[in-house]
Amino acid sequence: MNLYRFIKVIYGILVSTFAFIISSILLNAIGGVEPKFIVYVITILFMFLFYYMNNKISKKNGYKIIIVVHNVLYFITLCIMFGVGDNLSLQLIVLIQEVLLFGGESGSITRDFYKSRLRNLVIFLVVGIVFSFFASKEVTTYLYPFYMLFLITGIILLRASRAFQYKLESSKKAKSYIIIIVLSLFLFNPYIYTFLLNIIKILYKKIEWIPLTLIYFISLLLEYPIKMIQALLANAKTTESVDNGAKTVDNQLKVGDYSGVTTNLVLKIIFILLIVMFFIIMFRMILKRSKDKQRNIETLGGIERESLEELGKNNKKIKKNNWSGANGKILEIFYNIEKDTYKKNIFKRSMTASQLFNISKSYIDRDKEFKNIIDTYNEAKFSSHEISKEVIKEYEENYKGLKKQIKDIKKA
């Protein structure tokens with residue numbers, strides 16, 4: 001299976017899992033319908049049927065035939081396996097699946113497209129979690145492995161679409177993605193998942209003395225300073241007592257009370273400290289990311305210049321201090337190509353020159369001229385010798401034709 005088909009399949013699994021989760025929550029909350037794993041398997045199989053019909057049936061009014069055939073066959077399949085019962089309500093699963101699969105066919109295979117689709121699914125999933133409070137506890141617990149499967153599938157979809165978009169795909173990478181998905185589908189089968197969870201619980205009971213011993217030693221280390229602090233607080237309170245006789249007795253009792261600080265108190269303090277540390281780390285990560293986004297100057301290819309984000313928003317004069325000589329002219333022209341393709345949502349900051357060339361093939365038909373520009377740019381960037389005037393002249397001529405084609409490209 002090539003990466004293109006794999007991305008289609010992985011997106012199909014993602015939306016089928018989403019449809020199963022949302023439908024299971026709604027149908028149980030409203031009508032008390034219990035989810036079945038076999039229904040999920042059937043939904044996955046019907047995803048393949050959808051893609052098959054979508055490839056075979058003509059595009060003109062073909063979607064109507066697909067919807068009718070897909071729904072009727074789904075209903076008949078459930079009736080054969082389970083009888084009529086609640087099968088009519090289960091059609092909600094395949095309806096959601098169809099809407100999302102048709103939506104996936106409307107865009108090109110890019111990371112940004114699937115990232116947008118995934119973000120919308122996550123938003124609806126969060127709303128669905130709110131409705132899960134009205135569903136039974138058993139159903140909520142039953143759906144846990146499907147949430148994890150959704151998460152893993154979404155991550156792989158983004159990675160695979162990025163590899164496809166930037167021409168980074170390889171058979172080895174595709175095989176590794178397939179293995180991960182197959183293992184995930186197997187391990188997050190509710191029956192396998194529950195079985196493995198019980199095994200882990202049994203194993204943990206065998207070794208739970210290890211973490212408990214570790215926690216006990218940590219509590220011993222913290223116990224003495226906590227006792228000291230509590231004793232100081234107790235003494236401060238007793239000095240404010242009006243009755244001197246009662247003050248002495250009260251002080252003795254309070255000091256005695258704090259002599260046996262419980263392990264539970266220590267554990268609570270450790271837990272609070274861990275939570276505080278977690279939020280501090282998260283805050284620092286978010287702050288760092290925010291600073292990176294706001295940085296107006298970046299270094300790319302050894303040349304200091306304005307960030308592409310700023311250049312996309314305004315027409316400030318670019319910095320050419322380091323673009324001197326023949327090689328500087330080459331770098332300046334190539335930077336203009338990066339800027340122009342960035343405005344068309346083709347170039348990304350993480351791309352190399354070769355990646356830009358590969359991804360631009362579907363937009364530009366001047367492969368020979370563009371390849372010459374890439375080779376000349378790499379030579380000017382990485383070599384120590386000056387580029388000849390003849391090469392620069394040819395480079396500029398190629399750029400003129402390329403610039404016109406880039407200008408005519410519709411924004412992706």
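Note: Cβ is positioned from N, Cα and C throughout, glycine not excepted.
Under the heading coiled coil, TrEMBL lists 385-412. Distant neighbours of the coiled coil (385-412): 108, 110, 325-327, 329-330, 333, 336-337, 340-341, 343-346, 363-366, 369-370, 372-373, 376, 379; these residues of the same chain sit at least 6 beyond its ends, with a Cβ under 8 Å from one of its Cβ atoms.
Same-chain residues lying 6 or more positions outside the transmembrane segment (9-31) and placing a CB less than 8 Å from one of its CB atoms are 1, 39-40, 43-44, 47-48, 50-51, 86, 89-90, 92-94, 96-97, 100-101, 104, 114, 117-118, 121, 124-125, 128-129, 131-132, 134-136, 139, 142-143, 146-147, 149-150, 153-154, 156-157, 160, 177, 181, 185. Annotation source TrEMBL lists transmembrane segment at 9-31 (among others).
For 37-53 (among others), the entry in TrEMBL reads transmembrane segment.
Look at TrEMBL and you will find 65-84 (among others) tagged as transmembrane segment.
Residues annotated as transmembrane segment in TrEMBL: 118-136 (among others).
Long-range contacts of the transmembrane segment (142-158) within its own chain (CB-CB distance under 8 A, at least 6 residues past either end) are made by residues 7, 10-11, 13-14, 17-18, 20-21, 24-25, 35, 40, 111, 114-115, 118, 121-122, 125, 132, 177, 180-181, 184-185, 188-190, 193. TrEMBL lists 142-158 (among others) with the feature transmembrane segment.
For the transmembrane segment (178-204), same-chain residues at least 6 beyond its ends with a Cβ under 8 Å from one of its own Cβ atoms are 1, 6, 10, 13, 37, 142, 144-146, 148-149, 152-153, 156. Summarising the annotation, TrEMBL assigns transmembrane segment to 178-204 (among others).
According to TrEMBL, the feature transmembrane segment maps to 265-287 (among others).
Taking Cβ pairs closer than 8 Å, the transmembrane segment (37-53) reaches residues 8-9, 12-13, 15-17, 19-20, 62, 65-66, 69-70, 73-74, 77-78, 81, 90, 93-94, 97-98, 101, 146, 189-191 in its own chain, all 6 or more past its ends.
Confidence in the coiled coil (385-412), given as mean pLDDT, stands at 81.
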